[in-house]
Amino acid sequence: MPVTTWITLFTLTVPSSWIAAIAALAAAYAVVRIRAGKEAAAVYSDAAFLFVVIWKLSYAVFHFGTFIKSPLSLLYYNGGLPGTIIGLLWALFTLHRKGAGRSAWLLTAAVLLQAVYQTSMALFNEGGLLPKTVTIGAFTVLLIAVLIKAGTTSSWTIQLAILFPVVHLFVAAVQPDGFTGLPLLATGIFSVYFIFMNVRFNISEREAHG
């Protein structure tokens with residue numbers, strides 16, 4: 001959903017997407033901490049922090065001239081498409097290095113991030129009734145399914161990981177940005193990685209047990 005609302009925090013006016021992102025990150029951390037424990041929450045927070053730092057600071061690299069002229073522009077802008085891809089890949093590498101690449105809690109966190117972010121953006125910003133209703137309804141149903149079924153069996157986890165981008169594609173079809181939004185790209189990259197990690201593990205397990 002496009003940003004149409006700006007919110008004043010103390011003396012700083014920020015886009016509603018900031019509030020939506022902070023709410024999503026905090027909600028995902030809380031759920032991971034409750035469901036998977038302190039260690040998993042620490043791994044999640046490290047990866048999330050790395051993504052945000054790279055995503056924001058990459059603006060200075062890709063828009064160096066503008067950044068030098070106006071350093072405070074870093075507060076309002078980010079690295080865009082390349083910054084998002086680099087940040088997400090680095091976060092996934094961090095998760096993989098720490099052995100969390102195929103964890104069910106990781107899928108829960110990813111879906112929760114998108115569900116809270118997308119729902120918040122639909123509530124904060126102006127838009128048509130159809131995209132708002134579809135966005136909130138579809139992500140809420142997906143989140144409930146993931147909270148109930150993710151991790152119960154390997155098969156369920158993989159099926160939900162496949163359903164995640166399908167639902168997001170369905171939602172994107174009625175949103176103003178269509179299929180060009182960065183959140184959809186993030187969902188696609190994450191889903192390919194997560195499904196690959198789980199399928200590879202299942203194949204290795206079958207081969208090991210003959």
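One is the number of the first residue shown, and numbering goes on along the chain from there.
Placement of Cβ uses the backbone N, Cα and C atoms for every residue, glycine included.
Annotation comment: TrEMBL describes 6-31 (among others) as transmembrane segment.
A Cβ distance under 8 Å defines the sequence-distant neighbours of the transmembrane segment (43-62), meaning residues of its chain 6+ beyond its ends; these are 25, 28-29, 32, 73-74, 77-80, 82-84, 86-88, 90-92, 94-95, 98, 100, 105-106, 109. According to TrEMBL, the feature transmembrane segment maps to 43-62 (among others).
What TrEMBL records for 74-93 (among others) is transmembrane segment.
Taken from TrEMBL, the feature transmembrane segment applies to 105-124 (among others). Using a Cβ-Cβ cut-off under 8 Å and counting only residues 6 or more beyond its ends in the same chain, the transmembrane segment (105-124) has close neighbours at 1, 3, 5, 7, 16-17, 19-21, 23-25, 27-28, 31-32, 35-36, 40, 44, 95, 131-132, 135-136, 139-140, 142-143, 146-147, 150-151, 157, 160-161, 164, 168, 171, 183, 186-187, 190, 194.
Annotated transmembrane segment per TrEMBL: 130-148 (among others), in sequence order.
Remote same-chain residues near the transmembrane segment (155-173) are listed as 104, 107, 110-111, 114, 118, 131, 134-135, 138-139, 141-142, 145-146, 149, 179, 181, 183-184, 187-188, 190-191, 194-195, 198-199, 202 (criterion: CB distance under 8 Å, separation of at least six residues from the stretch ends). Residues or ranges marked as transmembrane segment in TrEMBL: 155-173 (among others).
According to TrEMBL, the feature transmembrane segment maps to 179-196 (among others).
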